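The NAD(+) binding site annotation in TrEMBL covers Asp34, Ala35, Gln36, Tyr37, Asp38, Ser83, Leu84, Glu114, Arg137, Glu174, Lys291, Lys315. TrEMBL lists Lys116 with the feature active site, N6-AMP-lysine intermediate. What TrEMBL records for Cys409, Cys412, Cys433 is Zn(2+) binding site. TrEMBL lists 706-786 with the feature domain 'BRCT'.
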Amino acid sequence: MNSPDTAARVAELRRLIEDANHRYHELDAPDITDAQYDALVRELEALEAKHPELAAADSPTRRVGATPAGRFPQVTHAVPMLSLGNAFEDGEVADFVRRIRERLDRQDLVFSAEPKLDGLAISLRYEDGVFVQGATRGDGATGEDVTANLRTIAVIPQRLQGSGWPKVLEVRGEVYMGRADFERYNEHARLHGGKVLANPRNGAAGSLRQIDPKLTAQRPLSFYAYGVGLVEGGALPDSHSATLARLREWGFPVSDLAKVVHDVDGLLGYYRGIGEARDGLAFDIDGVVYKLDDYAGQREMGFVSRAPRWAIAHKFPAQEQTTVVESIEVNVGRTGAVTPWALMQPVQVGGVTVTRATLHNADHVARLDVRNGDTVIVRRAGDVIPEVVQVVVDRRPPDASPWAMPMACPVCGSEVVREEGAAVWRCSGELTCPAQLVQSVFHFASRRAMDIDGLGERYIESLAEFGYLKDVADLYALTLDDLLEMKRRADERDGSTPAALAKSGVKAGKVATKWADNLIEAIDRSRDTTLARFLYALGIEHVGESTAKALAQWFGDLELIRRLPWPLFKRVPDIGGEVARAIGHFLDQPGNQQVIDRLLERGVRIGDAQAPNPKLGEGLDLATLLVDLEIPKVTPVRAAQLGSAFADAQALLDAPAHNLVTAGLPHETANALVAWLEDEANAGLLLRSAEALVELRGRLPARGAASAGPLEGKTVVLTGTLVSMGRDEAKDRLEALGAKAAGSVSKKTSFVVAGTEAGSKLAKAEELGIEVWDETRLLAFLEQHA
Ligand code: IVH
């Protein structure tokens, strides 16, 4: 490259870096990835080193970040907040160590190796142990005073613990947002139309620079201390690692991943170890930092323009990259949710090749305005699915047009509809959509649902593909021959014939029969289940394990639950309108009810039916029902007035409008109620709910029996060894639920709990045909009645 070209490139690089700095530090909206930024800086550094005549005092390579944006008072850092040089290759780490050895003329070095958190550097000033001021790094010399915002971060001590701290102490560290907090924050934002954060780092930076500390307080921020700045009126230990230990004693969070190592091998070993742990960490890191541990050595090494010579950052593969969207596809989920995702040109993100990234939902696509052919920034962190976080609009092809949700389900062709007020689009094919079938069977069979061991997704897919499964109830009609036939056809399809297996030394016939035997047995075993597991297994939208358990605990009986109109489900604490409606919607579908019928016909038995929870009695009245029905303008106060004025729902329905006013309702409310009741569907729902209410009341256990446990009147015998608890504990817990424990099995025994190595008592129970619980069943029961 000749000189004019070089000068032009240097100028261009400076402009690009300045622009990136501005977007990153002030707008919190970077449009290039960190890796691209690093590459620009390295290119500029290399050119400046090779052409000293082009170096300039104000080059971005000489400054740490951007000048403060001016929204906050400025703080001059008494000890500058510097940046770190980067190493990407092992050789650069070796060079770093060699330089220190040469300059200090010492071989025996001690290094502190630490994770490099990807957040925002801040400095916290303590005077006499009290937090007085906190500032961002800014340009390294001057930062912004964000004290009020930092005070909202719970883990930052307002006052130091212990004793022995210097009169003035500046603690340096990183404010960051943990991954789970970030995901939760974004999930909420996506559902409620809030601002979605591009990544945790931007989230942390943006949060700290809020003018109103109340907004910062709503953001889940954390902090790790990794060093000190100014120290006056007192002394610190003479090494970095000892200082970190001291900071921890004074109440600062310090990473427990920091380690002391001694040579290049130690540093690289640390890098690999953290690299392997990276995906499982609770926060983003973009590398590790190596620091010469002793302060005397640090002082001797000194600084180059913007970074210390005694420390270096060893970077990991970037978690964000740019690539091009080849097409936007949709996926149909277990519950029929139709969600968009991007098929992209393959790109390395965080050390893994990525070709697909989630786009979350249609609103998210609209907000990002992602289009086919767009260049986008993708992010992959931890176990989270890669996601498209931003579009680089400058690189959009001229003919790219906005994306729209397809009108037909790509799997079954049914209509794709959007629930009112919801972000999610759904396939209306419900139980008939093959996409939902595989996933609904998979969920149904999962460990915490019906627990059918050995029924993996591949088998389910084949069973569905060859027509053995149309819905979950078909599982209980499968025969050994069906399974073997399915396997044969699947092998044929995949080209893995028994002959090929035989060649590899497997006795094909034997193996094939064994798995099928086991599966049939597992399916049979799953017939005995609990109400909570059964409800969870149905895969009703919004009904996770804990909601299923709550339903089982409060209503106790499937036959009752499946006939309840949705407002009644709101009687269960923690079940709100949305969940109640989802359950009601599921139960309203005749197809779903038929599947439940067939499950029961085919031998699924729910062993733990019980009376409704007596506490239900507290809300089984007309007034509460009127509130639960979510009738416009009918507030709890108005509902209470109606509840005392009318004997029952029928009386309310029959009442002329003016009676409502006589009952004390304002005209407006009376009109709203009359209008609501005029809709036959609403009137029907009111009557059905009121009937269910009466029935429920009748089923409640009599007063006094309220304290009786679910095993009242039952006699149990424990035998064998339990893995999860001692026999005494099991006995205590069963007795606490009302059971009587006996030492030997007789006709009076209600059931036997058999652990492993159960002997004669189990045999006796079997002989007498007495119910036997294994440990899993015991645990499920105890858990349900905990
Ligand atoms: S030491 C003079 N230690 O990385 C040394 N920095 O690129 C200053 N960072 O500004 C930094 N984790 O925001 C240090 N364990 C760690 C770090 C760390 C993250 C950040 C920090 C700093 C930037 C330098």
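Placed from the backbone N, Cα and C atoms, the Cβ positions cover glycine too.
Automatic prediction, not curation, is the source of TrEMBL annotations.
Looking at Cys409 (Zn(2+) binding site) and Asp34 (NAD(+) binding site), their Cα atoms lie 38 Å from each other.
Take the Cα of Cys412 (Zn(2+) binding site) and measure to each of the recorded positions Gln36, Asp38, Leu84, Lys116, Arg137: the nearest one is Gln36. Among the recorded positions Asp34, Leu84, Lys116, Cys412, Cys433, the ones whose Cβ sits under 6 Å from an atom of ligand 1 are, in sequence order, Leu84, Lys116.
Rounded to a whole value, the Cα-Cα separation of Leu84 (NAD(+) binding site) and Lys116 (active site, N6-AMP-lysine intermediate) is 11 Å.
The two recorded residues, Cys433 (Zn(2+) binding site) and Asp34 (NAD(+) binding site), show a Cα separation of 43 Å. Each residue contributes its Cα atom, and for Lys291 (NAD(+) binding site) and the residue listed as 'active site, N6-AMP-lysine intermediate' these two points are 11 Å apart.
The NAD(+) site in the record is lined by Asp34, Ala35, Gln36, Tyr37, Asp38, Ser83, Leu84, Glu114, Arg137, Glu174, Lys291, Lys315, and its two most distant CA atoms lie 25 Å apart. For the binding-site residues Leu84, Cys409, Cys412, Cys433, the ranking by surrounding Cβ atoms (within 10 Å, all protein chains) places Cys409 first.
Each residue contributes its Cα atom, and for Asp34 (NAD(+) binding site) and the residue listed as 'active site, N6-AMP-lysine intermediate' these two points are 14 Å apart.
In sequence order, Leu84, Ile285, Asp286, Gly287, Val288, Val289, Ala313, His314, Lys315 are the residues near Lys116 (active site, N6-AMP-lysine intermediate), counting only same-chain partners six or more apart with C-beta under 8 A. Using a 10 Å radius centred on the Cβ of Asp38 (NAD(+) binding site) and all shown protein chains, the other Cβ atoms total 15. DSSP gives Lys291 (NAD(+) binding site) a strand state. For the recorded site, Arg137 (NAD(+) binding site), the DSSP three-state label reads coil. In sequence order, Thr322 constitute the residues six or more apart from Gln36 (NAD(+) binding site) in its chain with CB-CB distances below 8 Å. In terms of DSSP helix, strand and coil, the domain 'BRCT' (706-786) has 31 helix, 17 strand, 33 coil. All protein chains shown were included, and the count of other CB atoms within 10 Å of the CB of Asp34 (NAD(+) binding site) stands at 19.
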